[in-house]
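What follows is a single structure, and I will ask about it in a moment.
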Amino acid sequence: MNITVVGTGYVGLVSGVCYAELGNRVVCVDKDAHKIMQLERGEIPIYEPGLKELADANVRRGRLSYTSDLHEAMRLSELVIIAVGTPPLPSGEADMRYIESVAAEIGEALGHYQLIVIKSTVPVGTNEAVRGLIAARTRQPFEMASVPEFLREGSAVQDTLHPDRIVIGADSSRAAHTLQELHRPLTDQLIVTDIRSAEMIKYASNAFLATKISFINEIANICEKVGADVTEVAGGMGLDRRIGAAFLRAGIGYGGSCFPKDTKALIQIAGNVAYDFKLLKSVVEVNHMQRFGVIDKLLRALGHLQGRRVAIWGLAFKPETDDVRDAPAIEIIERLLELGATPVVHDPIAMPNFRRIAADPRIVWCEQPLDAVRGADALCLLTEWSQYLRQDLREVERAMARPILIDGRNAYSAEQLAGAHFAYYPVGRPAMNNEDIALHELI
Ligand code: UDX
């Protein structure tokens with residue numbers, strides 16, 4: 001198939017490359033000419049394991065190309081996939097500006113029948129609105145469909161090539177058939193439904209996963225008070241197939257480009273039809289509060305934070321990505337600064353992005369994890385990068401002024417901690433080496 005993919009962000013680029021990998025001829029379009037030039041040089045603007053290799057291979061095979069000219073790209077295509085961003089407006093609603101301008105352009109460029117698919121996460125009803133925008137600018141026949149994207153950052157290629165399911169929202173058998181054929185090599189789990197339900201499946205899925213995370217975080221907070229271990233609790237719960245083991249890792253809450261944005265957008269979508277989505281509002285609030293648990297533990301361990309040197313390992317919202325959008329680390333570091341502490345930070349790849357949004361001169365940036373902990377009064381693990389888990393904790397302890405470890409991701413096992421003498425504060429598990437040690441050290 002000849003496919004035009006509009007938008008070379010996460011969703012667009014990964015989808016384009018993967019459709020090419022399936023044997024289709026794909027043209028990725030972006031109006032950002034600089035980005036297109038980068039891509040043509042073989043530079044991938046996002047950090048995503050495996051993506052560059054796959055993109056290079058498909059460019060070489062002549063199945064993947066890049067352009068900023070949508071008209072040219074659409075001349076030969078049979079399918080146009082809209083994958084532009086829908087960033088949040090201050091109200092939480094999705095900003096539809098890019099979708100609308102792409103729709104207008106598609107309407108103007110349409111020279112023969114094409115199937116237009118929306119992959120961006122868009123409020124229910126957007127497909128129909130886009131259909132109207134295109135129809136107002138062309139006399140050519142076209143159809144609309146929705147194929148929401150469920151990929152995760154850091155495993156985007158893997159998720160796209162091996163999805164749990166493909167959801168196809170279509171209102172004609174021709175459109176449904178085309179999309180079934182396109183996706184059949186990926187999975188047998190192809191669900192064909194109406195367009196509005198497909199749009200809703202994306203929001204409902206993300207909202208549900210976010211709910212699982214906030215739920216287990218609240219259970220973790222209670223575990224801390226009653227002396228239970230949330231990892232044991234989650235393990236026991238997860239064995240019930242109706243619950244499932246995934247997304248029950250307690251920590252400092254979710255961040256990233258999807259959960260924060262999509263939960264708020266769904267609250268807003270519900271609000272627009274006079275429905276108060278109370279449960280999801282609480283999920284968002286719990287998630288926001290959860291990050292400050294790190295600060296509470298630091299205060300418990302150190303008494304106050306004025307003049308303290310606090311090492312931070314990990315800035316990205318999760319490992320294997322340089323994405324810091326809505327990362328809990330942002331507000332944790334802001335709070336540390338407010339309380340007079342000096343954050344000494346390290347992340348394997350997210351520091352340049354973090355610097356762009358949090359360029360406070362009081363932050364100390366380190367190229368090596370061990371440099372960050374040298375002379376530190378406490379260490380906070382905020383992203384569970386594997387390189388942090390491989391560190392020799394005895395060496396870390398020796399480098400620090402005070403051996404206090406706040407593990408925001410429950411990343412360290414008892415074996416890893418054995419031999420080091422940390423006052424260890426995980427999430428929802430009994431603190432080890434207990435608080436007396438930390439307080440005792442201060443006296
Ligand atoms: C998510 C969805 O998984 C994906 O289907 C959707 O298309 C986009 O949003 P992503 O944001 O890339 O993907 O990351 P994911 O791996 O889902 O993690 C999201 C956040 O939740 C991270 O901050 C992670 O640390 C946190 N998380 C995840 C937890 O705190 N606990 C968990 O058990 C799982």
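Cβ coordinates are placed from backbone N, Cα and C, and glycine is handled just like the others.
If you look up TrEMBL, you'll see Cys258 marked as active site, nucleophile. Feature annotation from TrEMBL assigns NAD(+) binding site to Asp30, Lys35, Thr86, Thr121, Glu153, Lys261, Arg325. Summarising the annotation, TrEMBL assigns substrate binding site to Phe150, Leu151, Arg152, Glu153, Lys202, Phe247, Leu248, Arg249, Ala250, Gly251, Gly255, Lys318. According to TrEMBL, the domain 'UDP-glucose/GDP-mannose dehydrogenase C-terminal' annotation covers 311-414.
Relative to the rest of the structure, where do these features sit?
Counted within 10 Å of its Cβ, the other Cβ atoms near Cys258 (active site, nucleophile) come to 24, all protein chains included. Following the DSSP three-state reduction, the secondary structure of Cys258 (active site, nucleophile) is coil.
The DSSP secondary structure for Glu153 (NAD(+) binding site) is coil.
Cβ neighbours of Arg152 (substrate binding site) (same chain, under 8 Å, six or more residues apart in sequence): Asp159.
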Pick out which of the binding-site residues Lys35, Lys202, Lys261, Arg325 has the most other Cβ atoms within 10 Å of its own Cβ.
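For the binding-site residues Lys35, Lys202, Lys261, Arg325, the Cβ with the most other Cβ atoms within 10 Å is Lys202.
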Sort out the sequence-distant neighbours of Thr86 (NAD(+) binding site) for me: same chain, 6+ apart, CB within less than 8 Å of its CB, listed by position.
Ala94, Asp95, Met96, Tyr98, Ile99, Ser120, Thr121, Val122, Lys261, Ala265
What is the number of residues in the domain 'UDP-glucose/GDP-mannose dehydrogenase C-terminal' (311-414) that are helix, strand and coil, as DSSP sees it?
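Taking each residue of the domain 'UDP-glucose/GDP-mannose dehydrogenase C-terminal' (311-414) in turn, the totals are 35 helix, 18 strand, 51 coil.
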Helix, strand or coil: which one is Lys202 (substrate binding site) in, per DSSP?
helix
What's the number of neighbouring CB atoms sitting within 10 A of the CB on Glu153 (NAD(+) binding site)?
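Taking all protein chains shown, Glu153 (NAD(+) binding site) has 22 Cβ neighbours within 10 Å.
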